[in-house]
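Written out below as structure tokens is the structure these notes cover.
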Amino acid sequence: VPSARQRGSLGGPRDLFALPSARRPPPAPHWPIECEVIKEPIQHIGEGVLRPLPPPFTPQAAHLGAPSVSPSPCPHPLGLPLTVPPGSCFTRARIGGAPGPLSSPAAPLEGPQDTTLLFESRFESGNLQKAVKVGPYEYVLRLRPDLYTTKHTQWFYFRVQNTRKDPLYRFTIANLAKPTSLYSEGMRPLLYSQRDAQSRGVGWRRVGTHVRYYRSDGKEPSTFHLSWTVRFPHDGDTCFFAHSYPYTYTDLQRYLRGVMGDPACSRYCAVRALCRSLAGNTIYLLTITSPAGTVAAKRVVVLSARAHPGESVGSWAMRGFLDFLLSAHPDARLLRRLFVFKVVPMLNPDGVVVGNSRCSLAGRDPNRAYGTALRGSFPGVWHLRAMVERVLAEREVVLYCDFHGHSRKNNVFMYGCDGGGASAGLRLLQRVFPLMLSKNAPDKFSFPSCKFKVQKSKAGTGRVVMWRMGISNSYTMEVAFGGSTLGRRNSHFTVEDLKSLGYHLCDTLLDFCDPHPAKLQQCLSEVDVLLRQRLGRKPGSGWNDVSTSELES
């Protein structure tokens, strides 16, 4: 546990950290000095005022082969400047990124008849490294790897201008890293039309026909391609494409500004700085509890999100959780009366700002660093763990949950911790919270998809380290980038779907901690029966001789 002197944190005393205020705009994010940043603010309206029905998957996409790329005698490269030499590491950051004038990302248009799209990604959370025009309406795109690495290409988010309404465009991202993807299961990219948002209140929507995910042709054997075709809704529009609904560091700061400006919320929600990131961005810690009751007797719930910056679905689930917990709903009041909530809504703001998929500016995965985290490399992880150690010295932590996104499995599910040496009752109990959540969100949460084995490769994750510190109910909640295949659904998640997960988590916490044990006992019995059916074990036999691998099979 760090001393008071050690907790003075990176970059200066804690009381000098920039905190959101209702009376001034959110502090501008700090960028590495290698990053060029456009001055134009980028802000979206979510899905807009016209909330769509959950858009269906396109299952035929899984059966389509690789498209042929139209040859072009004169490819038109459209590079987006980023001066990060190979093998370099983070040195310093400043507001606005690289000093000096911006470079031009492409040759200027030749006139009104020039139909070349203009690409841009030098804004918060943006990611696109290069676009090459290989046909009149066809582009091959390359994503930027996570800064100071040569890998982790998954998240994309970029702007296009100079659109035409009638032509069918094809885009192919040619350097994706993962061998499988939900794009092969019918998932489609997201499009945002600025004109539709302004005139009709329409925000992000799923688009694309002939969506295909396939291995490269052999020149780059470790990469995979994503291809889709689309028609833009308007001539001369400004549009954006994204892998998932963006949720930026500035979005979080705007939200916290609203919380601090609400007289009711400020009575039971304290927004503080946990620490500063490597770039100097504040990592926020929210403490939420009712002043009524004896605070010292309350148990604690610890939640975090966005260790992986490209998993924006985690932020939307966290947003829904905070919306409900800070509301006047009777269940929210009860939760605040019963528990102290410690919430870190964005653990890796630097990665979110620069548009990384997985890493922080240390060039490594923060969710593998909880066991050995150095304060100078992973300040958010180090301070979160230290905060939990201090809490555990004083009271029980009833739940730890880290929100993530998943690119290869649909639905929502959890990873828990079963080390194999615990008593039968405890091994079953670790499965009860996910089972309850599946009952409260039957059209989204899949209990059969949950896993509880502690793999060696996951020893440094938040859930495993917190479990080994003494938190029995320690989980990673995985939210699919795609959507749900449960019940009568076979459709993408909307923003409202993602936010509803936060409410369902609150509802499940009340069920799990209900002083009347009926629900808990029922779920314990269900888990016991379910596992016996899976393994063919007779009623009454114990679980101590069963390995975790057998339970997972």
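Going from the start of the chain as shown, residues are counted 1 onward.
Glycine residues also receive a Cβ, built from the backbone N, Cα and C atoms like all the rest.
Just so you know, TrEMBL annotations are computer predictions that nobody has curated.
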For the feature region 'Disordered' as recorded in TrEMBL, pick the matching range from 1-32, 97-128, 193-224.
1-32
Number of other Cβ atoms within 10 Å of the Cβ of E478 (active site, proton donor/acceptor) across all protein chains:
25
Compute the average pLDDT of the predicted model within the domain 'Peptidase M14' (245-513).
94
